[in-house]
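Enquirer: Input: one structure, supplied below.
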Amino acid sequence: MQKMLVEGGELLNGKVRISGAKNSAVALLPAAILADSDVTIEGLPEISDVYTLGDLLEEIGGSVAWDGQTVHINPENMVSMPLPNGKVKQLRASYYFMGAMLGKFNKAVIGLPGGCYLGPRPIDQHIKGFEALGAEVTNEQGAIYLRAKELRGARIYLDVVSVGATINIMLAAVKAKGKTIIENAAKEPEIIDVATLLTNMGAKIKGVGTDVIRIEGVAQLHGCRHTIIPDRIEAGTYAITAAAQGKEVIVDNVIPQHLESVLAKLREMGVTVEESDEQLLIMPKNPLKSVDVKTLVYPGFPTDLQQPFTSLLTKAVNTGVITDTIYSARLKHIDELRRMNAIIKVEGGSAIISGPVQLQGAKVKATDLRAGASLIIAGLMANGITEITGLEHIDRGYEKITEKLTNLGANVWREEMTEQEILQFQNS
Ligand SMILES: CC(=O)N[C@H]1[C@@H](OP(=O)(O)OP(=O)(O)OC[C@H]2O[C@@H](n3ccc(=O)[nH]c3=O)[C@H](O)[C@@H]2O)O[C@H](CO)[C@@H](O)[C@@H]1O
Ligand SMILES: C=C(OP(=O)(O)O)C(=O)O
């Protein structure tokens, strides 16, 4: 088991290349189940969530061959193998096996998913969609059983705008008989990416990127080749890092439009942000001004960048308020930031951050993926050395983060933990 050490103070400079989108990748791999021949996906991020999903595809009989960031998935020998336990619990996105296996085999057994604990992460809207398509859905000892004689298109209104439910219903509906209409659908770029893959496989989908998606079911889907979109959350994390502790940082391989809400907030703080086709240039001008942020569904400010942004606000003059309207309990990073000298109050679902403060290095724990990113950013701004444990969360979503930060001039490295440190970590 490793810990990360971050020595603060160095100004970051240079170029960082963004990897493929985690939150797209984790749906694209399960989507391949629906094809009847080879699906090749290019540009995948080399992160543990992606490999876990590859293992799950193999568990159900798929052949999965990796070639760096490219995966070739042959689904011909896949079967509707029950997956009530095991690796499905290691990540949230295993729930996409429900939609994909239901769509392909008319049945599936999938253990309730894991992933970052951000407070309750219900899947009632996914289930409502599967039932509307004709599936019987039961929860038996923590595994979801889905069975259908056949799936039939339906009109489904989502009571909450949900990325997961929109994608999962799309996966189940592309091979259903007749027309499915998803109303109040989510519009995140990752949903468009999944729909692009499905369309390349022969699915008939209209309206992705709007709040009404129309799907005409088809009998068969074939293999195809697909290139994933860049990770807007990784790009946003580096843009925020550059605003916090950068000189001139180029964030390369991005779609700037995917980050408009975040870039607007950085500009409001006084950061110079220049956009070109596939790059962002971030140049902070101190002192930074505080801003208020509310996370919303896309194109609003993403919940996944709330925690990194909290760290940035510790450096800004005056008080900034961050309210996460998507996951109001996504606040575990705050106790850790307080250990580093941050002055943050929590009221309801809002974090009230007073700044500027000089953060101090400390021993902290990444409780979830984006909490990990927020602690790295804090460590880069802090005096002294910050020791971060819980790297398994960070490795679920950030490809080669130590190397990428080192290339920008940061003093960041990993060390093996001693037995005593591992014990302390396990008991904390
Ligand atoms: C809208 C939004 O910002 N979604 C984010 C959310 O997706 P994730 O897929 O986890 O969450 P959803 O988009 O599905 O959920 C959005 C909201 O709807 C609620 N909900 C969801 C499904 C359901 O069946 N019932 C229900 O009540 C959730 O509790 C949440 O408050 O976390 C991902 C990982 O951090 C992000 O990449 C997504 O961008
Ligand atoms: C919380 C996240 O991931 P997951 O939903 O896969 O746990 C995230 O990407 O920020």
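Note that Cβ sites are derived from N, Cα and C of the backbone, with glycine treated the same way.
These came from TrEMBL, pasted as-is:
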- Cys116: active site, proton donor (ACT_SITE)
- Lys22, Asn23: phosphoenolpyruvate binding site (BINDING)
- Arg92, Arg121, Pro122, Ile123, Asp124, Gln125, Asp304, Ile326: UDP-N-acetyl-alpha-D-glucosamine binding site (BINDING)
- 7-405: domain 'Enolpyruvate transferase' (DOMAIN)
- Cys116: 2-(S-cysteinyl)pyruvic acid O-phosphothioketal (MOD_RES)
Enquirer: Near ligand 2, which of the recorded positions show up if the criterion is a Cβ under 6 Å from one of its atoms? Options: Cys116, Pro122, Ile326.
Expert: Cys116
Enquirer: Give me the CA-CA distance between Ile326 (UDP-N-acetyl-alpha-D-glucosamine binding site) and Lys22 (phosphoenolpyruvate binding site), in Å, as a whole number.
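Expert: Rounded to a whole number, the Cα-Cα distance is 19 Å.
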Enquirer: Cα distance, Asn23 (phosphoenolpyruvate binding site) to Arg92 (UDP-N-acetyl-alpha-D-glucosamine binding site), nearest Å?
Expert: 10
Enquirer: If you check the binding-site residues Lys22, Gln125, Ile326 one by one, which have a CB less than 6 Å away from any atom of ligand 1?
Expert: Gln125, Ile326
Enquirer: Give me the count of other Cβ atoms within 10 A of the Cβ belonging to Asn23 (phosphoenolpyruvate binding site).
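Expert: Here the count is 25.
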Enquirer: In whole Å, how far is Asn23 (phosphoenolpyruvate binding site) from Asp124 (UDP-N-acetyl-alpha-D-glucosamine binding site) when you measure between their Cα atoms?
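Expert: Rounded to a whole number, the Cα-Cα distance is 20 Å.
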Enquirer: By CA distance, which of the recorded positions (Cys116, Pro122, Ile123, Gln125, Asp304) lies nearest to Asn23 (phosphoenolpyruvate binding site)?
Expert: Asp304
Enquirer: In whole Å, how far is Cys116 (active site, proton donor) from Pro122 (UDP-N-acetyl-alpha-D-glucosamine binding site) when you measure between their Cα atoms?
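Expert: Cα of Pro122 (UDP-N-acetyl-alpha-D-glucosamine binding site) to Cα of Cys116 (active site, proton donor) measures 13 Å after rounding.
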Enquirer: List the same-chain residues at least 6 positions away in sequence whose Cβ sits under 8 Å from the Cβ of Asp304 (UDP-N-acetyl-alpha-D-glucosamine binding site), in sequence order, or say none.
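Expert: Same-chain residues close to Asp304 (UDP-N-acetyl-alpha-D-glucosamine binding site) (Cβ under 8 Å, separated by 6 or more) are Asn23, Ile233, Gly236, Arg370.
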Enquirer: For a quick check of packing: other C-beta atoms within 10 Å of the C-beta of Gln125 (UDP-N-acetyl-alpha-D-glucosamine binding site), how many?
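Expert: Total other Cβ atoms inside 10 Å, all chains included: 21.
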Enquirer: Kindly assign Arg92 (UDP-N-acetyl-alpha-D-glucosamine binding site) to one of the three DSSP-derived states: helix, strand or coil.
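Expert: Helix, per DSSP.
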Enquirer: Work through the binding-site residues one by one (Lys22, Arg92, Arg121) and point out the residue whose CB has the fewest other CB atoms within 10 angstroms.
Expert: Arg121
Enquirer: With every protein chain in view, how many other Cβ atoms are within 10 Å of the Cβ of Ile123 (UDP-N-acetyl-alpha-D-glucosamine binding site)?
Expert: 21
Enquirer: Compute the C-alpha separation of Arg121 (UDP-N-acetyl-alpha-D-glucosamine binding site) from Lys22 (phosphoenolpyruvate binding site), stating it in Å without decimals.
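Expert: Their Cα atoms are separated by 18 Å.
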